[in-house]
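S.K.: Sharing a structure here in structure tokens format.
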Amino acid sequence: NTDQSFPGFPGSEMWNPNTDLSEDCLYLNVWIPTPKPKNATVMIWIYGGGFQTGTSSLPVYDGKFLARVERVIVVSVNYRVGALGFLALPGNPEAPGNLGLFDQQLALQWVQKNIAAFGGNPKSVTLFGESAGAGSVGLHL
């Protein structure tokens, strides 16, 4: 039982000096109800911010309460934002665009492969988000 969230992407929350940030941001936060469930529904949260700002490590996105009350596993995703996540230069392989969406896709694949070890059901996964996160959900469908 640890209570640790991982840092978001630099530049995403520069206005909030108390937010832990790092370029090494491709982490998931996972909250599991106690006792550990068997075959629980999984809810994956994608934060918003216009694809320019945001991080899943803000206290407002803590999934601990939702996991405990609803007996679900909550996963929040960090992804690259701003130019390093969404800059597109047509014809340039160095900046193909939408890397932030690929980060999210990697997180979804990780959940499919690994969530059973946490007591989750990979066949019962719900994506949800707000603002650009909700837009991301639509793009992954």
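Including glycine, each Cβ sits where the backbone N, Cα and C put it.
Among the features that Swiss-Prot reports, N-linked glycosylation site is placed at Asn39. What Swiss-Prot records for Gly49, Gly50 is substrate binding site, and it gives similarity to another entry as the kind of evidence. Per Swiss-Prot, active site, acyl-ester intermediate is recorded for Ser131. Sequence annotations record features per position, and here Swiss-Prot assigns phosphoserine to Ser131 based on similarity to another entry.
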S.K.: Say we define neighbours as other CB atoms within 10 Å of the CB. Which of the recorded positions Asn39, Ser131 has the fewest?
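M.R.: Among the recorded positions Asn39, Ser131, the sparsest Cβ neighbourhood within 10 Å belongs to Asn39.
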S.K.: Should Ser131 (active site, acyl-ester intermediate) be counted as helix, strand, or coil on the basis of DSSP?
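M.R.: Coil, per DSSP.
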S.K.: Looking only at Gly49, Gly50, which of these binding-site residues has the biggest number of Cβ atoms within 10 Å around its Cβ?
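M.R.: Per the Cβ count within 10 Å, the most buried is Gly49.
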S.K.: Can you tell which of the recorded positions Gly49, Gly50, Ser131 lies nearest to Asn39 (N-linked glycosylation site) in space, using Cα positions?
M.R.: Ser131
S.K.: Could you state the whole-number distance in Å separating the C-alpha atoms of Gly49 (substrate binding site) and Ser131 (active site, acyl-ester intermediate)?
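M.R.: Here the two Cα atoms are 6 Å apart.
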S.K.: Given Ser131 (active site, acyl-ester intermediate) and Gly50 (substrate binding site), what distance in Å do their CA atoms have, once rounded to a whole number?
M.R.: 7
